[in-house]
Amino acid sequence: MRILADENIPVVDAFFADQGSIRRLPGRAIDRAALAEVDVLLVRSVTEVSRAALAGSPVRFVGTCTIGTDHLDLDYFAEAGIAWSSAPGCNARGVVDYVLGCLLAMAEVRGADLAERTYGVVGAGQVGGRLVEVLRGLGWKVLVCDPPRQAREPDGEFVSLERLLAEADVISLHTPLNRDGEHPTRHLLDEPRLAALRPGTWLVNASRGAVVDNQALRRLLEGGADLEVALDVWEGEPQADPELAARCLIATPHIAGYSLEGKLRGTAQIYQAYCAWRGIAERVSLQDVLPETWLAGLQLNPGCDPAWALATLCRAVYDPRSDDAAFRRSLTGDSATRRAAFDALRKHYPPRREITGLRVATGGQAELQRVVRALGAQLV
């Protein structure tokens, strides 16, 4: 097999070395010419895999190490008989860790008690569904809007987007980017909806940049709108709007799901799909390539405050403010310089582990145990 992989996909050799020759390119450089002699294509969301790129190529399998598939022309895949796989849920936990870090930063700035907020989660799939589980596990009030899932689960606890925007004072977006169809999500939060948000609302977008009208959001913030905003995704990536970023509390270069586990899990999942497509046995597993965590565990004093424990456990693993600082330093120079810096921050992202790998002792204190379980850490 002739395999072409995005150079930023990790451990490709560990999984695919015995399957043929492997060539690597930057994801944004993968085009029609690059696919002339390729059987298997492994990509991330930065590569548009379209009819124009694939027509006439020998590509027969496409794997994307992402949850979303809006960069894949699935209609053409079906027409051309091209097998494909995404990696659903691969980085979901990393995104949840990111959102929790943003909420802690917002609470610190606002002097707010996270337990007293009402949370609105838009999109309850792989990422949003996990976030809902964590928030409800902590005992917090959560509203969920997901029209496609509501249609499949008519007895589920769902609300309309209008009700969610009216009642929630924390909104976290986790939808795919759908430009058409029954439930389009491009500019789901457009100028009228953004302008109608309650004063003091916190908004987190770690889904796709165009789910929020970036220009409308910038105008509102420039006009003094009382919002706290955390953006990990941007319209026109890798070109992020520096003026919008300057008005966000947290601004990062599409790294919410960049946990080490998430990256390796994505490669493992497309390898599993590839093996199924070829009808061969899997030779390597995720556990074969996942290194030991740097922080083995934490011991909480049974008398500590649960809110302090929550913040400490989350930040022991990840604090998005470090990524925010690095991103802001990159928002200088001309457009080409900023675009290159955006991709460089992603390419050279430092190892970051998920909270699920953290072992926590609580001395048997029930409320602390509830926090640990809700976060998904390992209770010992």
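Cβ atoms are placed via backbone N, Cα and C, with glycine included.
What Swiss-Prot lists as substrate binding site is SER45, THR66, TYR258, and the listing cites sequence analysis. Summarising the annotation, Swiss-Prot assigns disulfide bond to CYS65-CYS90. According to Swiss-Prot, the NAD(+) binding site annotation covers GLN126, VAL127, ASP146, THR175, ALA206, SER207, ARG208, ASP232, GLY257, on the basis of experimental evidence. Marked as active site by Swiss-Prot on the basis of sequence analysis: ARG208, GLU237. Here Swiss-Prot flags HIS254 as active site, proton donor, drawing on sequence analysis.
Among the residues the record lists as binding substrate, namely SER45, THR66, TYR258, the two farthest apart have Cα atoms separated by 13 Å. Per Cα geometry, CYS65 is the residue among the recorded positions CYS65, GLN126, ARG208, GLY257 nearest to SER45 (substrate binding site).
Counting in whole angstrom, ARG208 (NAD(+) binding site) lies 16 from CYS90 (disulfide bond) by their C-alpha atoms. Around GLN126 (NAD(+) binding site), the same-chain residues six or more apart in sequence whose CB sits under 8 Å from its CB are ILE67, PRO88, GLY89, ALA92, listed in sequence order. Neighbours of ALA206 (NAD(+) binding site) among the recorded positions CYS65, THR66, CYS90, HIS254, defined as a Cα within 10 Å of its Cα, are HIS254. Secondary structure at GLY257 (NAD(+) binding site), as computed by DSSP, is coil. Around CYS90 (disulfide bond), a 10 Å sphere centred on its CB holds 26 further CB atoms from the protein chains shown.
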